[in-house]
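Over in Swiss-Prot, the protein carries these features:
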BINDING   C174, C176, H190, C192  Zn(2+) 3 binding site
COMPBIAS  49-59  compositional bias 'Low complexity'
COMPBIAS  66-77  compositional bias 'Low complexity'
COMPBIAS  78-94  compositional bias 'Polar residues'
COMPBIAS  111-127  compositional bias 'Polar residues'
COMPBIAS  135-148  compositional bias 'Basic and acidic residues'
REGION    41-151  region 'Disordered'
ZN_FING   12-44  zinc finger
ZN_FING   151-200  zinc finger
Amino acid sequence: MGDAGSERSKAPSLPPRCPCGFWGSSKTMNLCSKCFADFQKKQPDDDSTPSTSNSQSDLFSEETTSDNNNTSVTTPTLSPSQQSLPTELNVTSPSEEECGPCTDTAHVSLITPTKRSCGADSQSESEASPVKRPRLVENPERPEESGRSKQKSRRRCFQCQTKLELVQQELGSCRCGYVFCMLHRLPEQHDCTFDHMGRGREEAIMKMVKLDRKVGRSCQRIGEGCS
């Protein structure tokens with residue numbers, strides 16, 4: 001009687017639940033019938049996928065090993081050329097550094113005499129210019145003066161030998177030293193040898209107003225001079 005009471009007092013054990021929410025059984029790996037059927041269908045696919053993944057991993061490993069081998073083979077061929085480049089640069093760099101100041105000094109030595117020669121030429125031109133100007137003015141006058149004879153009488157025109165009155169003698173006298181009539185008194189009419197334009201420039205320069213150096217530099221208030 002006691003055993004029967006104890007069995008009755010025990011609660012019946014509940015079956016396990018499937019992840020989907022239904023009741024499962026120990027025979028079906030604690031899954032319901034539907035989930036167990038789906039699980040069985042997926043088993044062959046799961047078995048095939050690891051095999052393919054393993055094959056892909058094997059191929060990838062083979063490719064990586066081949067790449068590593070290629071790099072290991074090519075690296076020693078490149079290393080000598082890479083090492084030779086810095087040596088060539090190191091060899092050429094001092095030559096350029098040494099030639100730099102040499103070229104600078106050469107340029108300086110070539111430029112300095114040209115500057116001196118230009119200065120000497122400018123000085124020689126400046127010294128010769130004032131000497132040449134009067135020569136150019138005097139040279140055309142000398143042959144004409146030597147070719148022209150002196151005027152014997154100032155009462156007659158040197159060009160046409162017409163008689164002149166006293167007023168005509170004063171009006172017809174030219175700066176070249178000859179006397180002409182009213183028809184030949186202008187410089188263009190008797191081929192005058194005197195440089196009237198140069199003379200006019202000199203007179204204009206002499207008549208120019210020379211400004212004092214103090215103008216515009218000293219300031220003075222209005223009324224200071226008167227006080």
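Using N, Cα and C of the backbone, Cβ positions are placed for all residues, glycine too.
Overlay of Swiss-Prot annotations on the structure.
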residue	record	Cβ neighbours (10 Å)
C174	Zn(2+) 3 binding site	18
C176	Zn(2+) 3 binding site	18
H190	Zn(2+) 3 binding site	20
C192	Zn(2+) 3 binding site	17
_Residues within 8 Å of the C174, C176, H190, C192 Cβ centre (excluding the Zn(2+) 3 site residues themselves)_ = R175, G177, Y178, F180, P187, D191, T193, F194
*asked:* Averaging the per-residue pLDDT over the zinc finger (151-200), what integer do you get?
replied: 83
_Need the DSSP three-state call for C176 (Zn(2+) 3 binding site) to compare against my parser._
coil
_Residues of the zinc finger (12-44) by DSSP state, where helix covers H, G and I_ = 12 helix, 4 strand, 17 coil
